[in-house]
Amino acid sequence: MKDLLKFLKAQTKTEEFDAIKIALASPDMIRSWSFGEVKKPETINYRTFKPERDGLFCARIFGPVKDYECLCGKYKRLKHRGVICEKCGVEVTQTKVRRERMGHIELASPTAHIWFLKSLPSRIGLLLDMPLRDIERVLYFESYVVIEGGMTNLERQQILTEEQYLDALEEFGDEFDAKMGAEAIQALLKSMDLEQECEQLREELNETNSETKRKKLTKRIKLLEAFVQSGNKPEWMILTVLPVLPPDLRPLVPLDGGRFATSDLNDLYRRVINRNNRLKRLLDLAAPDIIVRNEKRMLQEAVDALLDNGRRGRAITGSNKRPLKSLADMIKGKQGRFRQNLLGKRVDYSGRSVITVGPYLRLHQCGLPKKMALELFKPFIYGKLELRGLATTIKAAKKMVEREEAVVWDILDEVIREHPVLLNRAPTLHRLGIQAFEPVLIEGKAIQLHPLVCAAYNADFDGDQMAVHVPLTLEAQLEARALMMSTNNILSPANGEPIIVPSQDVVLGLYYMTRDCVNAKGEGMVLTGPKEAERLYRSGLASLHARVKVRITEYEKDANGELVAKTSLKDTTVGRAILWMIVPKGLPYTIVNQALGKKAISKMLNTCYRILGLKPTVIFADQIMYTGFAYAARSGASVGIDDMVIPEKKHEIISEAEAEVAEIQEQFQSGLVTAGERYNKVIDIWAAANDRVSKAMMDNLQTETVINRDGQEEKQVSFNSIYMMADSGARGSAAQIRQLAGMRGLMAKPDGSIIETPITANFREGLNVLQYFISTHGARKGLADTALKTANSGYLTRRLVDVAQDLVVTEDDCGTHEGIMMTPVIEGGDVKEPLRDRVLGRVTAEDVLKPGTADILVPRNTLLHEQWCDLLEENSVDAVKVRSVVSCDTDFGVCAHCYGRDLARGHIINKGEAIGVIAAQSIGEPGTQLTMRTFHIGGAASRAAAESSIQVKNKGSIKLSNVKSVVNSSGKLVITSRNTELKLIDEFGRTKESYKVPYGAVLAKGDGEQVAGGETVANWDPHTMPVITEVSGFVRFTDMIDGQTITRQTDELTGLSSLVVLDSAERTAGGKDLRPALKIVDAQGNDVLIPGTDMPAQYFLPGKAIVQLEDGVQISSGDTLARIPQESGGTKDITGGLPRVADLFEARRPKEPAILAEISGIVSFGKETKGKRRLVITPVDGSDPYEEMIPKWRQLNVFEGERVERGDVISDGPEAPHDILRLRGVHAVTRYIVNEVQDVYRLQGVKINDKHIEVIVRQMLRKATIVNAGSSDFLEGEQVEYSRVKIANRELEANGKVGATYSRDLLGITKASLATESFISAASFQETTRVLTEAAVAGKRDELRGLKENVIVGRLIPAGTGYAYHQDRMRRRAAGEAPAAPQVTAEDASASLAELLNAGLGGSDNE
C-alpha cells in the first residue's frame, strides 16, 4: 500500500515554477532526454500491427502499446509494474509514457539547424560575420571554407571553389585546413573565442564613425554577449544528434481497408533515418568522396525539411502533392500548437442551440431546454441520485437518467436551482459576450434569452445560436454569480453608459404611452393618483394620451440619504402617470414627464443606477421591459403604405434642381467651368435638393393638424407609425424614411465615386429599371465590404489584445504629478464633446482653480464623479489636468489613480483589473459592429454639400491663430497660411466655436472684431484651391511652354482660353525637368520680393493647375493667379475609418507627412539643388543651425526670416506620430492619437472613453532607445523596455552615478507585441519561428508576467480573481517558503486506486 501511495503522489504532484527559460540544446542534453536510439525507418508491422523494434514506434524505446502489458505478452497486469521484459525489452508501465518519452538519431554527419541558418537575420551568419550565401554554399557542398590558414596566405573563413582548393593543395600541401559541409561550419563555430571577439568589437565600435558600421557592430556585440551570458555554445546551432518526438504525438492510425493515416512527421523522420543509414554505410565502405558528399547534402536537406519544410528551396510534398507539415508548422499559425491548443481549448459540459425571445424572464434568468439541462447536469444528477439512495451505483443512476424516470426531473429541478450557467454568443468581441444566468427549465429545444441583454451580445432572433457552459467547481459558480451575472453587468465597460437598454418594441411602447394628444378622451380631468389613472384607462374612460392633472408623490434623498416624500399636482398625461407606478422611489417625476425616446430611457436608467445603485436599477429595467411590451402591443403601431407621405413640394424642388443643373451644364459647354468643377457643383446641387426634400418630408410627417376642445385648429406631433418608430429611436432613421417617402438620392459607384444623376424616385413610388440598376452598386458593395471588414476588424482586435494583454492595475497610487490637459472637443460651431464627458471618472493631477481666482475648486487627486463635474460646469472651467495611464509611474502595470473609475462598475478601479484587455475589447468591438452596419442605408451616398463659408452661431469676438494674410484690392483680408484657426470667444473668454480656415478664404471680419450670431465671417470656393499673390506687379511666365509643360484649352463657344499645367507624367521628355511658375515683376522687369523676406515672389504651379491670366498682366496683392481643382469627395463611412484606426495604432508613417521644425529658430533658405530647396533653421542662442532638404513641390508654410518653434508645421500634410513624439513629446502624441481615433468613432456615433485609447498608447510607448549609456550597462542605440531604464536609472542615481539618457520610441501595435519581454506571448502572436529562434539564442527567461503566458502554461492569470493567488505566490517566494505540495489523503488514495484498478480491469477504456 505504501509504495502505491507514493506512486499516486507522483501522479498528482504539480510542478511549481516561476519562470521559463529557453535555450539551445547541447547534444548531451538531447541524449539525456532520449530513451534510446531510433535506428530503423520502419514504423509498425502491417500484419501484426506491432511496432517494429528500433523503429520509429519501437515499444522498447518509447514504452508499451497497452497499459501495463509488454509487447510479447509475458507480463500483464498491475503487479508487474516497472519490470523490464527480458524477451522484448519493454518496460511494463502506462501507455501514456508514449506521449512523453523521446528518442534520438545519431547523425553520421553534423547538419546545420535551419532556424539558426535561414531565419533572418541568420544567427550563424551574424556570429561568423559571413554572408548567408557563402555559408549556404559551404553547407550544401558547393565550396570549401578555410578553417585554419596556417603559414599560408589564405585567410580564416575564406571561401574556396573546387578549383581554388585544388590549386591551394598543390601549392601548400597540408599547411592549411579547409573543409566543406556542416562540419566545416561547426569547426569554425567551435574555434571562436566569444569573449575576445566581444572585446575586439567594442574597441572597433569606439573607433568607428560610420552609422551603418556602428549598427552592424552593435548587432554582433549583442549576439555575442547573449551567447556568453546564456551559456549557449555556438556549435550547438549545428546538430549532431537529432531528437525524435514521442510516437503518440505523431500517431499512426489504421483506417479500415488496411491503409494507415499517418502524421507527416513520420514521413519526414523516415527520410532522415534512411539517408542517415545510407550515409553510415557509405562511410563504412569508404565510398568515393563525391558520393559521400551528395549523401551528406541530402541528409542536410532531409533534416531541414523535418525542422521547417519549405524554408529553403521547394517544400517536400507527400503523395497528394501537398507540402508535408514539419515541426515548425506544428507550432505556428492559427492551427498551430499555441493558438489551437494552448490559448483556447474545447470544453466539456457545453451545449448549443438556437435562441428565441424570453419576454417573461427576469434579467438574471435564461430559459434552458429540459433535454439540454439533463445532459449538461448529468454528473450532478448522478451524485444526487446516489446521495438520496435512489440509485446504488453510478451505472444504475446512468440507467435511470437514460430512461428519463419521473424522479430524475425532480432531481434536475433541485440541481439546477441557484446553479448559474454561462451563455456565450460567437463572435465574443468583448467581455459582455459571455454572461451568467440562472436557468429556468422550459419545454422545446431553443434557449430563451432575455431581450435586454441582446444589445450586449449583439444578438437577434433571426436564427442566431448560443452556447451554454456549466461552471462545475464551487469557485467557478461563485465567480459566475458574483462577477458575470447579467445583473452585475449593467454598464458598458467601453463608455460607462447602461448597456441594458430597451430597444425596438419596448421603446416604441414607452414612447407611445408617454406621448400626449390634443383633445383626447378625458382631457382636463384631475386625478387622485396613478392608480386612478390606470383605472380610468382600463375602463375606457380616458385615453392613454389625455392631458390631465394628477396628484404625484415624489421621494427625494436628503443629506443623510433618507427618502423624503413630497406630493404635488402635476400637469401630465394618463400614460405617464401609469408609467410612474413602476419608477423606483428616489427619482424625480420630471424623468417620465416627457415623451420617452431611446436616449431618454437610457438616461433614466443611468440616473437610476447613479442615485439608487444596482438592485433597484435591475428591477426597474425588468419592469420597463414588461410595460414596454404590453403597451407596444396596445398601440397597434404598424406600417402601411399610406404612412409614407410624399411631400407635395418634392416635384417642385426636383424641377428647380434640374434647372440649376442645366445651367451649370450650359456654363460648362461655354467653358466657364471645368469638367471637374461641373461635376462637383452638380453633386452639390443634388445633395442640397435631397436635404430639402427630406426636410419637407419630415416636416410633413412630423405634425398633423387637429381640432382642439375649443373647436380651433391646432398643430400637434403626428401619430404616424413610421414617424413614431424613427422619433422614438425604436427602428429606422431619417435617412431611411427619406428613401421611403422622399427621394433615394445620390448613389455611389463601387469605387466610391458618386454617380451624378440621383435617383429622384423613392421606394413608395417605385424605381425604374435604370434606377434599380444604379442601386445594385451600393447594395452589393455593402455586402462585400461587410465580409472583408469583419475579418480586418477581428485582426485589429487581436493585435490590440496582444499588445495590451499584460497591463494590469497593480497599485493604488504611483504618486506622479504628471497628467494630460483635458479640454472640450470643438469642431466647427458645435461642442462635439463637452469637458464633463471627458473628465468624468478621472482623477485630477493638480488642484483645479476657480477661473480668474486663486481659490481651489477641486483638490488634487480627486476622483471626478457626476457632482464634481456639475461644479466644474457651474464655474465654467474649460481645462482640467487629469492623471492618465500614459504618464503613470508604476513599473509593470498602472496605478488605480492614473486610471480612475472602473467604467463598468462606477467606482475607482480595483487592483488586479485587466485594463489592457478591456481597453482592447472596447476599441475592437465597435470596429466590427460598424463594419457590419455599412449596408443598412443601402449604399445611398451620404455626402453633405461642401463647406464654402463660415457662419458663426453665437455672438462674440473673433480670434485668429497661426494666421498670415494679405489685403486684396477691395480691402478684405485674404488668408495665405494653411493651418489657420478661427475661434469665437464669448464675453468670459471661453472658446465657443472653432473653425479651420482654408488657404485663400476671404475674411469679412478681422482679428478681435465683434460679430453677431448667424453672421458669415469667411467664404471661399470649396472645389478649387487658389494660388494667391502676396505682392502687386506684373505676371511673368517661367518654364510655361505650350505643348511641353502646359496646354492651352480654348472653349469653342466663348473663345475664352485658359492654360492647364500638365502633370509630369503627361509631359514630353523635354518638359520633364521644367518647373512651370508665375513670377511677379515690377514695371522694370525686376523681381518683386515677398514682404519681410529676401525671396523673389514666384509661385510654382503643380499639375492640373488652371491659369486664366496672360503673360505680362498687371495684378494686385490678394488676387488669384491660378486655380487648382480639388478632388471630389467620396462617401464617408468607417470603411475608410477602420483602416485609419489600424494605421494610427500601427503608427504608420503617412505617404507625404507634414514636415515639422526640428529645432526652434529663424528660417532661411540656403542654396537650392535641382529638385530640392535647402531649409536652414538658425537657433536664436547661436548654436549650430539645422539643415534639411525639402522637395520643391512641397508647399511651405513658412517664409524667409520667420521664427518657428520646435515641432511647428513647415510643410502641410498628415503628421507622422513619430515626429510628434520626437519634437513635441509624449503628451502631444497621446493627444494626437486619441483625438484622431476618436474622430473616426465619433463619425459613426460610437462612444469610447479616452482612457482605453490611452492604455493602448501607453503600450505603444513602452520601449526607449538609449542615447547615452552613462554608467549603466546598456548599449548606445539599444532598444530597451522603458520600465527597465527607469528602474536602472533609479538605482544608479541612488548610488550617485550617472543614469542613462534615452528617447521614447513609438512602436506600432504589431511591433510592440513582438517586442515584449515575454517570448511566449510574442511567439503565440505572430512570426513564431523568428521569435523562438531569437529567444533560444539569447537564452531568454520568461518571467510569466502577462496574462497570455500564464494561460499557456496552464495557470490562473495574474488578474481578476487570479491576482490574489499570484500575490500570495510572490509573498511566499520572498519569504523563502517552499510552496506547499498538494496533500494526498487516504480517501483520495483509495479512490484513485479504485479508478486505476477499474481502468486496468476494463482494459478497453484507455482512450
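Every residue, even glycine, has its Cβ placed from backbone N, Cα and C.
Some features that Swiss-Prot has for this protein:
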BINDING   Cys70, Cys72, Cys85, Cys88  Zn(2+) 1 binding site
BINDING   Asp460, Asp462, Asp464  Mg(2+) binding site
BINDING   Cys814, Cys888, Cys895, Cys898  Zn(2+) 2 binding site
MOD_RES   Lys972  N6-acetyllysine
**Study point:** Between Cys814 (Zn(2+) 2 binding site) and Cys88 (Zn(2+) 1 binding site), the C-alpha gap once rounded to whole angstrom
**Key:** 67
**Study point:** Output field, Mg(2+) shell: CB within 8 Å of site CB centroid, site Asp460, Asp462, Asp464 dropped
**Key:** Ile355, Ala459, Phe461, Gly463
**Study point:** Spatial neighbours of Cys898 (Zn(2+) 2 binding site) that are distant in sequence (at least 6 apart) but have CB under 8 A
**Key:** Cys814, Thr816, Val843, Arg883, Ser884, Val885, Ser887, Cys888, Thr890
Exercise for review: Spatially speaking, which of the recorded positions Cys70, Cys88, Cys895, Lys972 is closest to Asp462 (Mg(2+) binding site)? Use C-alpha to C-alpha, please.
Suggested key: Cys895
Revision key, fill the gap. Counting other C-beta atoms within 10 angstroms, the emptiest spot among the binding-site residues Cys70, Cys72 is Cys72
Check your understanding: Can you tell which of Cys85, Cys88, Cys888 has the most other C-beta atoms within 10 Å, given these are the binding-site residues?
Key -> Cys888
**Study point:** Lowest local Cβ density among Asp460, Asp462, Asp464, which the record lists as binding-site residues, within 10 Å
**Key:** Asp462
Exercise for review: Compute the C-alpha separation of Cys895 (Zn(2+) 2 binding site) from Asp460 (Mg(2+) binding site), stating it in Å without decimals.
Suggested key: 39
Review point. Using C-alpha atoms, which one of the binding-site residues Cys72, Cys85, Cys88 comes nearest to Asp464 (Mg(2+) binding site)?
Key: Cys72
Study note, to complete from the structure: Cβ proximity for Lys972 (N6-acetyllysine), under 8 A, sequence spacing 6+, ordered by residue number, returns Val1002, Leu1003, Ala1004, Gly1118
Exercise for review: Looking only at C-alpha atoms, tell me how far Cys72 (Zn(2+) 1 binding site) is from Asp460 (Mg(2+) binding site), rounded to the nearest Å.
Suggested key: 61
Review point. Out of these binding-site residues, Cys814, Cys895, which one has the fewest other C-beta atoms within 10 Å of its own C-beta?
Key: Cys814
**Study point:** Secondary structure at Cys895 (Zn(2+) 2 binding site), reduced by DSSP to three states
**Key:** strand
Revision key, fill the gap. Other than Cys814, Cys888, Cys895, Cys898, the chain contributes near Zn(2+) 2 (Cβ within 8 Å of their centroid) the residues Glu811, Asp813, Thr816, Arg883, Val885, Ser887, Asp889, Thr890, Val894, Ala896, His897, Tyr899
Check your understanding: Which whole-number value in Å describes the distance between the Cα atoms of Cys70 (Zn(2+) 1 binding site) and Asp460 (Mg(2+) binding site)?
Key -> 58
